[in-house]
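Novice: Before we start, here is the structure in question, set down as structure tokens.
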Amino acid sequence: MDWSNVTAEDLMEALSEVDWSSPPRPLSEFFSRFTVPNSYSKWNSRLKCNLYYYRTNYFIMIVFILGLGFLRRPLAIVAALLTALSIAFLNDSFAGTFSEKVTRTIRQFSPHLAAKLRPPHTPVIRGRPSAKRAIHICGQPRWVFVSIFSTVSFILWFLSCGLITFLWAFAVGLLVTLLHASLRTPNLKALSCSSWEVKYMDLLSAIKIMHHAHLRVLSIE
């Protein structure tokens, strides 16, 4: 399957909606079969395929590189964790799973408080939601948690004086990820699994158009 037809916007949207709970690929598979692409189109297709297929491995690798950079700055490690959480909350699957686990834990001690942490119900018109369901974490809009964690992490970055270290470590992590995704030859499993994934991402634009058209009809009615 040719991934060159998938745009960067479709890839980013697919990564934000995909389930990140899947385990990483084995190291024997992750560090094998490296070749140099002989054209820009093959490099572009290989880069997008590997970024999607090895997404969990790349995330762990970047976190590991950041951890090495902050061995002597414990406060910066906390800031990095809060930054990673604020970014992870932007993923729908992670935000929903995090909210569910926190609510389930609180329910064991206080069922009444856990009931208040449930997300509000979305109004339904003619059997369909009146609008796209907003993501809530522990009963609050997602942007509340993202803002709080981002603000606290920024303060900790300032107090630990580790922002420069973070930028260098993050740049190294991105560079290593880019090199691996560019040189790693996609295996047969990645290519076979990518057929429906590419079709899914190709249909994202059509789904957006249908969704906006549906909202427009509801507003007219």
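Using N, Cα and C of the backbone, Cβ positions are placed for all residues, glycine too.
Quick paste of what TrEMBL says about this protein:
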type: TRANSMEM; residues: 52-71; note: transmembrane segment
type: TRANSMEM; residues: 77-98; note: transmembrane segment
type: TRANSMEM; residues: 143-160; note: transmembrane segment
type: TRANSMEM; residues: 166-183; note: transmembrane segment
Novice: Between 52-71, 143-160, 166-183, who has the most Cβ pairs under 8 Å to the transmembrane segment (77-98)?
Specialist: 143-160
Novice: Determine which residues of the chain contact the transmembrane segment (166-183) at the Cβ level, with the cut-off under 8 Å and only residues 6 or more beyond its ends counted.
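Specialist: Tertiary neighbours of the transmembrane segment (166-183) are 34-37, 43, 46-47, 50-51, 54, 58, 61-62, 65-66, 68-70, 76, 79-80, 157.
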